[in-house]
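Report on one structure; see the data block that follows.
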Amino acid sequence: MARLKCLIIFIFCTLDVIIGYQRDPTPYRDSDCPEGAAIGLGVNNGRLIPDGAFWASSSQNSRNPARGRLDEASGSWTANVMDANQWLAIDLGREYIITKVATQGRQGAGEYVTEYNIAFSSDRSTWRFYTNEFGIREMFHGNIDSQNTRIRTLKYPVIARYVKFHPSRWVMRISMRVEVFGCVYAPDVGRFDGNSRIYYRLSDLNPPPSTLSDTIKLRFKTSEQNGILMYADGNQGDFIALQLDKGNLIFSIDLGSTQLRRGTTIKTGGSLLDDTQWHDVIIKRNRTSVTLIVDRLETRFETEGLFYRLNLDKKIYIGGVPSFNLNGIQVKYNFQGCLDSVRFNNIHMIRDARNNYNGFVMEGAAGVSDPWNCKMESPIPVTFPVYDSFIKKKKGDDNVLTTKVKFDFRTHDEDGILLYHTTEAKDEITVFLDQNGYVNYRLTTSSNLKIEDIVRNTNLNEVTRSFSDGLWHRFSIEINPSMVNVTVDRNSKVSMRNLDFRAGSDYYLGGADVGIGFRGCMREISIDDQPVDLNALGVSEMVGVQIGTCGLLDRCTPNPCENDGICDQDWETFRCDCQNSGYTGEVCHRSAYYLSCDMFKMYTSNEVAEQTIIDPDGSGPLKPFKVTCSGKAEIDKEVITEVSHDSEELITVNGYQAPNFYERKLTYDGDINGLTCCDRESIFLRTETDVLLPKLQDICQNREVHVFTDGSVASTSPYFAWWVGRTYQPMYFWGGSAPGSGKCECGLGENGCAGGKTTCNCDSGLNTTDEGAIKHKDYLPIMELHFGDTGTATDDKIGYHRVGKLTCRGDDLLDNVITFRKADATIQLATFEAEPSGDIWFQFKTTATDGVMVHQTGDPDFVKVALANGNTVQFSYDVGNGIQVLEYKSTNALNNNQWHTVHIEKNRKQAWLRVDNSKEQSNTEGIGEITRTLDLSGYLTIGATVEDRNGFVGCMRGLRVNGALQDLWGLVHRHAVTYGVSKGCIGKCSSSPCLNGGTCIEGYSGYTCDCAYTPWRGWNCGREVGVNLLKNYMVQYTFDQYQGLSATDFMNIRVGFTTRLPQGILMQLRDETNTEYISLEINNAGGVKFAVDVGSERDEVNTPNHGISYANGQQHEVKMWRTGTNGQTVHIMVDNYPKSSKTMGTRFSDNILDKPKYLFVGNNDSTTNVRGFEGCIYRMEIDNVYPLKRAFQDPRPSFIKIIPDDIKVREDMCGYEEITVSPDPIEKRPLRGGQLIEVTFPTPQPGLTDEERAGLGAGLALFFLLLVALIALGVFYCRQKGDYETKEAKGADLADNADVAVVFNQTGVPDITKRQEWFM
């Protein structure tokens, strides 16, 4: 039945879009190392890279790091300690563009690494891990055995001299052999001091650039948080700007702006970039689509505005600009640091400026010595990864009156001790971060003098006063006899005191054992103006710290919290505040609201109108919005959804005379613009009777809808009023009329409009009204109203308008339903992208106990959703750290043939499962450095496993992947998938295959008929159960207190019979003392009588005489039922003949048989054979008892007797044949694509030797000779022998003549053609 589903339009806009980022595994092709140019860099060659270039965390004897070369025959590098802190490092001798790595295990030993990380460096002191496009450490899948090579391609190349392999998973032992592939790197370096810059005059190009696509590529390193890296603009206002702002890389672009719509787009692409490390930047633009890549971290976005060309015709700058008063500039500092290989499309900025090419100018370089070399010293950082990490520095000259400590620090933690120092006199200095991220210091002397204060960030340009913002902050403390001075950046606190303080010898950086330690990074540490050499510290002086790298990660850039969630972080993880986003979950991915009013009402108890918020595309891009829901489908109350707007009240229009002079734009609750982007050819709008009902009312006083001049329509502007829908076209028809009519509802009626007009009532010039419902969904919702002819301030013309709510009847959200009939039927969809987050939502209905509903695999990742044991939904997955299972076990059956909702989500922090509205099940992950996300490949398989096994049989609807509705119904409708699937939820029971009142138990792949409450049996309850009796045969039931009939039963009897004798008991119910009975018998006249004797008086009811004897050998069925108080009125009917009824009367105070003990069929144990029934009794039913079915069940109950025995008294169908149903046609599973391989007779391998060819030829020749000989022998033996065969034909002595003997012989001449010759 067709219904209106307007809100589903929101979904249609995203049918072909999988919401969320889809990972593209295609490697980036660097022009400096194109595809095919990368070579092995000689790790496996001792002549190119010597043994001394290898070193490791630990190694076993005879398995030193130099044995870690690829294809090393004498073994491999094997770590001496089996933990995740081991590594193997190589010095490549110079910088290379590294594109691939290869690994092996220890050959023949079964030892290999299955997962590893890669770190790289240009100076051997500072290291960075290779991260993926989500900013997460890339986990490379290693080997699956110990001998074969596994090559892994880096999606984005890195430039490095030193490479480290960090095994994280292994088999047996950590054993590796490696090789690195890449190309020689030739740098183009320029050094900038904040005053120098390079520019190129784009105006010199002819014509100046006006591009549809651009590529920007550069590298930089700096210790400053702010600076302008690149800038270019044009005379039309277009510009691009690349800037550092507080260590974040900001890219701004404007392809053109107008007064109504600005084109400036600003995106952040990286953070913590002021660490004096090289950072790689790639920007790719294609029209309005831009990808910003910073150290492999991808940010994809669409530019604002209406334009798609970049017009730059002034100058392009790198390193800075001459003035900060330029469009797009938001920092007021030029760049200080090094730039390398800067390219804008085909312009090589540094190379061509160094070569003094025309148009390239280097400005302000006078203060920079050798500007074409990068001579920056990179301070060595140290990482404090855990609370117990600390550095203990002992100073030689203690007992001095002054002490100074300086260092840079950065952290995201809001607690932790930065510095602790104690003296021999028990004076203590403690510097720590408090819960607000402020720097606190406390000095306590032995004389109980306490000095303490808090340093806050007072920089007005900062968004926070906290120092736990992840940026580098410079800390210093100086203590002398007259003061304590603590400074953080430019924020100082000075306490002027007279102090008797003498410094001690031990300084602790980090927590030591005095409290919660600092987690973060430090650099440039000095004590009393003496730099601390970190590499010179001993093992006892460094506890749990990591020298040479800053392990701090900015987990909030880019923001992992989706849908405008607010990100907060510490050292280990991040947290999302989703409170005001309308979404929920660890990363604000899932909508916090129901998909539709239908679902909202499904979980409420009434059908009255209620206000709520719905989100029709779930985790998709469209935002939730307010609606009013009424109705409830479960009680057959149509669900109605109403969307409000700002024009529902009566609005006066006066003084707008000219057409289109008055304009009213409607603002709906929520982002109603989603209604304008749908595809009207979408298969989900397949019904043609859907109706939208925003009711429009137009009240007029002496004004017109149409412009009339002397009775005719004007030729220029024929209308004073119109409205605009989602097609943004003027609509001239009004409520109740049809598109293209240009009329109101009255204009289509037989009586016409007021004043004799044929268009609208308002055209009559009278005080009247036009109103009606606009039901044409292709143009709705109403976006604008335009009116005129409402006069001036001096006349009496006036108008009013009111637009009703946008009303949607029904709900199409769950109409995308299919049935899986076969356990190996599947539908394949696009890869499920769950990096960094993804969710799947669907509803299912089944009677099966087990079945896989969703499955997809990767290497080795997988995700699977399955039903188990009929009451459990399992969400299992593997992201490389072993199989994890979330399951929800219901107290009630989930295979109860009712709809159940399943929603799963996997993100970088959590796996999550919810079934219906039950308690959420979750598994928290992503704590610490290693964060694993789902990396899947191939197809998302629906209905079974990817191997087409263990499938789900039942119905599925509303499948959504990352908010996008998957068109399963359309795939089946278009015959893209045919095997084992059907449109809609249509089970086998829909055709009512069970006969005679049997209950059909749905199986979807089949069905089962429950015949328990019928007198029939058989597969589909089509087999009669009867018994053929003689007069002395009978079936006897004995009832006890635990089973059988009660005193209030025996109100209905049904018995079929066939007989030729006009007397006999069909059935009789009797008490134990044989004083009361109820009996149904064939009477002497061939009719049927019902007799009752329950103690007061005997009475009976006979069938009327229709002139027919039922003892005629034909099948008859008698029915008896009792009505009235205590069943006093008895009705009896045979076949379709008129019934006989009788009320027993008031003399029967009790007409119910109490304590029934026996039930007899055919006879009883107290009568002679005269009353015995002879014939066939079948289809016997006494209320809820089916005596004959129970009598012939196997095994037979002990309370049933068959007399004389079950050899003579057997089950019989009484002349009926069992009714069967034709089986379903056989479906053949289509073959999957791929090459067919012959596995029975393998083809011989090529490359046979001459001897093998000769032997094969001789064998074939001999075979053919033998075959010819056998054929010749067979021909000779079977040749035609004619009539001269001497064998005598047996049977010839029985023939009348010789010709007949030859023709009809039994043996002797079987091979002679049997001929006859007749002489006429």
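One-based numbering along the chain as shown.
Glycine residues also receive a Cβ, built from the backbone N, Cα and C atoms like all the rest.
Annotation source TrEMBL lists signal peptide at 1-20.
According to TrEMBL, the feature domain 'F5/8 type C' maps to 36-183.
Feature annotation from TrEMBL assigns domain 'Laminin G' to 189-374 (among others).
Look at TrEMBL and you will find 380-550 (among others) tagged as domain 'Laminin G'.
Annotated domain 'EGF-like' per TrEMBL: 552-589 (among others), in sequence order. Sorting the domain 'EGF-like' (552-589) by DSSP state (H, G, I as helix; E, B as strand; all else coil) yields 0 helix, 10 strand, 28 coil.
Residues or ranges marked as domain 'Laminin G' by TrEMBL: 816-985 (among others).
What TrEMBL lists as domain 'EGF-like' is 986-1022 (among others). Broken down by DSSP into helix, strand and coil, the domain 'EGF-like' (986-1022) contains 4 helix, 9 strand, 24 coil.
TrEMBL lists 1026-1214 (among others) with the feature domain 'Laminin G'.
The annotation transmembrane segment is assigned in TrEMBL to 1254-1278.
Within the chain carrying the domain 'EGF-like' (986-1022), a Cβ under 8 angstroms from the stretch's Cβ atoms is held by residues 819-823, 846-848, 897, 953-955, 1054, 1178-1181, 1184, 1186, 1188-1189, 1218-1221, all 6 or more beyond its ends. For the domain 'EGF-like' (986-1022), the model's pLDDT averages out at 92.
In terms of DSSP secondary structure, the domain 'F5/8 type C' (36-183) contains 7 helix, 76 strand, 65 coil.
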